[in-house]
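Peer 1: Handing you this structure, nothing more for now.
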Amino acid sequence: MELVMAVAVGILFTIGVYLILSKSLLRIVLGTSLLTHGVHLLLMTMAGLKKGSAPVLGSADTYVDPLPQALILTSIVISFGVTAFYFVLAYRSYQALGTDEIDSIKEDKE
Amino acid sequence: MSNLLVLPILIPLCTAVILIFFKEKTRLQRGISAVSGVLNILIALLLVARVHAEGIQTLQMGGWAPPYGIVFVGDMFAVLLVTMASVVSYAILLYSFHSIGEKRERFYYYTFFQFLLVGVYGSFLTGDIFNLFVFFEVMLISSYALISIGGTRLQLRETSKYLLINIVSSTLFVAAVAYLYAAVGTLNMAHLSQRISEAGQGGVLNVIAVLFLIVFSLKAGLFLFFWLPGSYSAPPAAVRALFGALLTKVGLYAIIRTFTLLFVNDPGFTQSWIAWMAAVTMILGGLGAVAYKDIPRILNYNVIISVGFVAFGLAAGTRDALDGTVFYLLHDMLAKGLMFILGGIIISAAGTDRLNSMGGMIKKYPVIGWMFFILTLALVGIPPLSGFAGKVLIIRGALDTGMLTLSLIGLGSSFLVLYSLIKVFRQAFWGNEPENEQPKVSLKWPSAVAGGLLVLVIAMGIGAEFVLTYVSQAGEVLASPVQYIEAVMKKE
């Protein structure tokens, strides 16, 4: 199971990196959110995907590891906040600079 | 155990929350942040005294014993950095009062300022690797806001680059934590250090070490600094001072902490990576500092040179070199804060940031001119000033381990620092005044702030012996991580 997940994470990273290297700012933002998806799945996979019940105290014998779930939850809200900021920034620069192309907003001195 | 350790984080956090309620009342905002800044300096000094007398302080959050809970660790290195950060940020705060402008102040400038400090102090004091990630994010998100606040075209452009590079590096940070957790199964740094030593740091742990090095180098501008000169040129001078003095230093702190506490078992491998990264950083930073003719970029490349120099001290890794690294890091926070403030003053006095259109300012602003000159000598490392002791210790440690080439590069970089800053001094203060006469602006307040910092720079150089008693206590813990581990994992 871990192998399948590792391949899936690899694919997410590949697409994310490819999108980040593209020209349009919107694609870059999408690329970063794919990267964070990849890394959250990685966090879950690396902690082990053994069978067990959900980490809610009951009468089960084994539970899955609760720690990575807490880490992922933290990381999700952080990346959510940052992505929201990035989208607004992209929108604002589209308004102010009038372009979505990352090449055409290169440094020209004001 | 003592709750004192959480106060450096709690005070700016509460201040930031209170400041949110007084959006329009800028005078009140200034007053509150000034008071909380003084409080923070006092608390930090108290912490230094406490650690000096009683050794490493730890605080278990919620009373959960490590490694199960989050633990805050104040060793001498961390509390010295907190002290220096609080002093420098206070000076920058006072400089902001004068320079930042009503419009930005109304849009939560001081709130973001305080949140940035929360992130910085938290990163210094935490003893948990994931908690370090969270404090990094607190710091970075505030810095996104500070770099873009005001919304000029230049700022928008540079913010999106800065944001992208930091999102990528944060993602890599989480990936590195995931790998580390899979390899050793813990997140507490002291416990991690034990487990990594037990596992012997073979193949996969070395890979993780390099991944951490890449992550922190992206944050610190070590070798992977391509984003830094542009991004740090965009925001106003006060924000630039804050970034140049604090942000890269947090990345450096993380590198030093990781490679003196966690990945210490295969020094030949990791040290050689850090060593060549440091060499390339010093050379490229030096070339950049010499090449440009506008003040923000020259200063930014000077930040990069000093990042390389600190990493060089870490790579040398002897006791002397580690003492020197701590000393130099402290000096550098102070001197870089002052350098950006003086740079900001020069830019606002000349009305331009291009060196070619400046000149003859020594007649109108002699005090600023000579302050900049003394600062240049301090940054180069001329004996009575603060840059000297750290450089000497690092070079001595490096020569002890036989790193001759690196030492020469380190010394050579000092010449490039000298050349680039004297170029600023010569162009801006000597020569003829430009044709279009600039109106004389009142610079009493920022000059007083800069003067205060300059006094500290000189005092730190003259009182190096006194500072060194504290610094060597920090170096001692860095050199033998056993002390750190025992302080955290002690049975109570």
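Backbone N, Cα and C define each Cβ position, glycine as well.
Here's the feature list from TrEMBL:
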- B:128-416: domain 'NADH:quinone oxidoreductase/Mrp antiporter transmembrane' (DOMAIN)
- B:6-22: transmembrane segment (TRANSMEM)
- B:34-53: transmembrane segment (TRANSMEM)
- B:68-95: transmembrane segment (TRANSMEM)
- B:107-124: transmembrane segment (TRANSMEM)
- B:162-184: transmembrane segment (TRANSMEM)
- B:204-229: transmembrane segment (TRANSMEM)
- B:241-261: transmembrane segment (TRANSMEM)
- B:273-292: transmembrane segment (TRANSMEM)
- B:299-317: transmembrane segment (TRANSMEM)
- B:337-355: transmembrane segment (TRANSMEM)
- B:367-389: transmembrane segment (TRANSMEM)
- B:401-422: transmembrane segment (TRANSMEM)
Peer 1: Near the transmembrane segment (B:299-317), which same-chain residues lie under 8 Å Cβ to Cβ, leaving out any that are not at least 6 residues past its ends?
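Peer 2: That would be 220-222, 225, 228-229, 232-233, 240, 244, 248, 252, 255-256, 259-260, 267, 271-272, 274-275, 277-282, 284-286, 288-289, 292, 324-325, 328-329, 332, 336, 339-340, 343, 379, 390-391, 393-394, 397-398, 400-401, 403, 406, 409-410, 413, 416-417, 420-421.
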Peer 1: Considering only the recorded stretches B:34-53, B:68-95, B:107-124, B:241-261, B:367-389, state which has the highest number of Cβ pairs under 8 Å to the transmembrane segment (B:401-422).
Peer 2: B:367-389
Peer 1: Please give the sequence-distant neighbours of the transmembrane segment (B:367-389): residues at least 6 beyond its ends with Cβ less than 8 Å from one of its Cβ atoms.
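Peer 2: Sequence-distant neighbours of the transmembrane segment (B:367-389): 302, 306, 324, 327-328, 331, 334-335, 338-339, 342, 345-346, 349, 361, 414, 417-418, 421-422, 424-425, 428-429, 443, 447, 450-451, 454, 457-458, 460-462, 464, 467-468.
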Peer 1: Per the 3+ Cβ pairs under 8 Å rule, pairs at least 6 apart in sequence, do the transmembrane segment (B:337-355) and the transmembrane segment (B:34-53) touch?
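Peer 2: Counting Cβ pairs under 8 Å, fewer than 3, so no.
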Peer 1: Quick one: find which recorded stretch in B:34-53, B:107-124, B:204-229, B:241-261, B:273-292 has the most Cβ pairs under 8 Å with the transmembrane segment (B:68-95).
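Peer 2: Between the stretches B:34-53, B:107-124, B:204-229, B:241-261, B:273-292, B:34-53 has the largest tally.
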Peer 1: Give me the stretch from B:6-22, B:34-53, B:204-229, B:273-292 with the greatest number of Cβ pairs under 8 Å to the transmembrane segment (B:107-124).
Peer 2: B:6-22
Peer 1: By a Cβ-Cβ criterion of under 8 Å, what residues six or more beyond either terminus of the transmembrane segment (B:34-53) are in contact with it?
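Peer 2: Distant contacts of the transmembrane segment (B:34-53): 2, 4-5, 7-8, 11-12, 14-15, 74-76, 79-80, 82-83, 86-87, 89-90, 93-94, 114, 117, 470, 473.
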Peer 1: Which residues of the same chain, at least 6 past either end of the transmembrane segment (B:273-292), have a Cβ under 8 Å from a Cβ in it?
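Peer 2: Distant contacts of the transmembrane segment (B:273-292): 210, 213, 217, 221-223, 225, 229, 255, 259, 298, 300-305, 307-309, 311-312, 314-315, 403, 405-406, 409-410, 412-413, 416-417, 419-420, 423.
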